[in-house]
Amino acid sequence: MPIPTPHGGKLRDLVIRDAPLKQQLLQEAKTLPALTLTARQLCDLELILNGGFSPLTGFLNQEDYNSVVNDLRLSSVKNESNGKGLLWPIPITLDVDETTSKKHSVGDRIVLIDLRDETPLAILTIESIYKPDKKLEAEKVFRGDSEHPANKYLLETAGDYYIGGELQGINYPKHYDYVDARKTPTELRQEFEKLGWAQENIVAFQTRNPMHRAHRELTIRAAQDIGDKAHILIHPVVGLTKPGDIDHHTRVKVYKQILTKFPDGLATLSLLPLAMRMGGDREALWHALIRTNYGVDHFIVGRDHAGPGKNSQGVDFYGPYDAQELLAKYDDELNIKIVPFRMVTYLPDEDRYAPIDTIDVKKVRTANISGTELRNKLKTGDEIPSWFSYPEVVKILRETNPPRSKQGFAILIDNSHKLGDYLSFALQSTLNQFSGERRITKLNAHQANDSFIVGELVKAGSGVIVPTTNPTPIVNVVGNGNSLVVNQKNNNNQASGNADGEFNLSNDDLVAVVDEIVNYLKDQGFY
C-alpha cells in the first residue's frame with residue numbers, strides 16, 4: 001500500500017525556506033511584540049510548523065475552535081468527499097492571560113519566542129482574540145471531570161483568552177538530544193522511500209512508557225496480521241506526557257536498545273514531540289491523523305488508549321474500547337487503518353508469548369508483571385526476570401530508577417526555633433556514621449529556598465537536611481516517598497499534608513525524634 005496522502009490532502013510544512021524572505025521575517029520579528037511560548041505551546045507549534053498537525057496552518061481561530069469542540073471538525077477546511085468540515089478532534093489553541101489579550105487586536109502580527117533560548121520561531125497574524133467557554137471545552141473534549149489532567153491544565157494553568165491566526169515559520173524549535181531520531185513528517189516519508197517501504201504497509205506503535213518483551217511481541221504480531229511485507233514504526237511521544245511518567249531520556253535509550261531485538265529491516269524508530277492531553281477516544285483519533293501525516297497506513301490502538309487512569313469517582317475516565325469505537329465511527333474519513341491491540345501473556349511452560357484471547361487461562365499457566373509490580377521491583381532492587389524484559393533494558397531502567405538503598409531523600413525541618421538547628425546537626429552526625437555512598441548534606445536557610453536544587457541533590461542520591469518553614473514546594477518536587485517533614489510540636493502552620501513521613505519535635509524528645517527518623521528510613525529501605 002503506498003504511503004498515504006496527508007490529512008487534508010497536503011503536508012503543511014510552514015517554515016520558510018527562501019533565504020531572502022526568511023531574513024526579511026527575522027528583521028520584522030525584531031520590531032514586533034513578542035509572546036514567549038509555554039512548554040505545551042512549544043510542542044504544538046513544532047507540529048504545526050513541520051506538518052504533523054496538517055491541515056492546520058496556525059492556532060485555531062474562534063470559528064474553528066468552536067467547531068472542533070462541538071463537532072470534532074474544522075469549519076475552515078472541508079472534506080471533499082462529504083462536504084463536511086475536516087476531522088480534527090483536539091483544539092490546538094494559543095492561550096494567553098487577559099492582560100496580554102488586551103495588548104493586541106485582529107490584524108496585528110506577533111512573534112512567537114522559544115522559552116528556552118528566546119529564538120524567534122514564527123510570526124502569527126491575528127485572526128481572532130476570544131474568551132472560550134472553558135467549562136464547555138472541559139465537558140465536551142475531556143468529559144468534564146476536574147481530576148482529568150487536561151482539565152486541570154485547562155482550568156488552573158491555561159490563560160483565559162485564546163489568540164488564533166495563521167503562522168509563518170522562521171525556525172523549528174532547536175533540539176540537542178537524539179537529533180537523528182527526531183524526524184519531521186517530510187523526513188520520515190523520505191526515510192520510508194529510502195528503506196524501500198513506500199509501497200508496503202507500515203504500522204505505527206505509540207507509547208509513552210518503556211518497552212519490554214511483550215511490546216516487541218505484540219508489534220511483530222500486528223505487522224504479521226497486516227501482511228507478509230508490513231513494517232513497524234516505533235513512534236513514542238517525547239514531548240509532554242502524563243505527570244509521573246518515566247523521563248524521555250531513559251525511554252529513548254530503552255527504545256534504541258529494544259530496536260536491536262527486532263528482525264533486521266522490520267522496524268524503525270522516530271520520536272514525536274507531542275504534548276499529550278491524555279484525551280482517550282478523541283486523543284486516539286488525533287493520534288491516528290498525526291500518523292497519517294507521518295506517512296503511516298496502520299496504527300495500533302489498545303484498550304483505554306491515551307486514558308489517564310481513574311477519575312474523581314475512582315472509575316476509569318474512558319471505557320476500555322471507547323477509542324476503538326470512535327475510530328470505527330469515522331473509518332470512512334481516515335487514510336489509516338486501525339489495528340486493535342492484542343494483549344499478550346507469557347506462557348512459562350512453553351517459554352513464549354501468546355495473545356491472551358487464544359488461550360484458556362483456566363488450563364494454561366500464565367505469567368505477567370504489572371506496571372506497579374515493575375516499579376516496586378526497581379524500588380527494592382528485586383530481580384526482574386528475563387522473560388519479562390531484556391537484561392539490557394533492565395540495566396537502563398535501574399540506572400535512572402535505583403533501588404531505595406541508593407536513592408536520595410530530603411528531611412525538611414521546621415527552623416522557626418533553635419531546636420530545629422539542633423536536630424539538623426544531630427541527624428547529619430547520626431546518618432553520616434552509616435556505611436554506603438550516600439552523602440548527607442545540610443543546607444542553610446538561603447539554599448533551602450531553591451526547591452529545584454534540593455530536588456537535583458535528591459536525584460543524585462544525597463540525603464539532604466533542609467531548614468524550612470514551608471516544606472510543601474520541596475515535597476512537591478522531591479516526591480512523597482522521598483520526603484520527611486519534622487514540625488515543631490503544636491505548630492499547626494508547618495504540616496505539609498503531602499509527605500509520607502511526618503514527625504513532631506519538642507524540647508524533651510530530640511533523641512527520640514532522631515531514632516524515629518532513622519527507623520523510618522530503615523523501614524523504607526534507604527538503609
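Glycine is treated like the rest: Cβ placed from N, Cα and C.
Listed in Swiss-Prot for this protein:
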type	residues	note
REGION	1-176	region 'N-terminal'
REGION	177-406	region 'Catalytic'
BINDING	Gln206, Thr207, Arg208, Asn209, Gly302, Arg303, Asp304, His305, Val344	ATP binding site
SITE	His212	site 'Transition state stabilizer'
SITE	His215	site 'Transition state stabilizer'
SITE	Phe341	site 'Induces change in substrate recognition on ATP binding'
REGION	407-527	region 'Required for oligomerization'
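Location within the structure of each feature annotated in Swiss-Prot.
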residue : record                                                        : Cβ within 10 Å
Gln206  : ATP binding site                                              : 24
Arg208  : ATP binding site                                              : 20
His212  : site 'Transition state stabilizer'                            : 20
His215  : site 'Transition state stabilizer'                            : 19
Gly302  : ATP binding site                                              : 21
Asp304  : ATP binding site                                              : 19
Phe341  : site 'Induces change in substrate recognition on ATP binding' : 18
Val344  : ATP binding site                                              : 22
(request) Mind tallying the region 'Required for oligomerization' (407-527) by DSSP state, helix then strand then coil? (result) 51 helix, 24 strand, 46 coil
(request) Could you measure the widest C-alpha to C-alpha distance across Gln206, Thr207, Arg208, Asn209, Gly302, Arg303, Asp304, His305, Val344, the residues recorded as binding ATP, and give it to a whole number of angstrom? (result) 19
(request) Compare the Cα of Phe341 (site 'Induces change in substrate recognition on ATP binding') against each of the binding-site residues Gln206, Arg208, Gly302, Asp304 and report the nearest. (result) Gly302
(request) Compute the C-alpha separation of His212 (site 'Transition state stabilizer') from Val344 (ATP binding site), stating it in Å without decimals. (result) 12
(message) Mean pLDDT across the region 'N-terminal' (1-176), rounded to an integer, is what?
(response) 96
(request) May I ask you to report the DSSP-based helix, strand or coil state of Val344 (ATP binding site)? (result) strand
(request) Work out how many Å separate Gln206 (ATP binding site) and His215 (site 'Transition state stabilizer') at their Cα atoms, rounded off. (result) 11
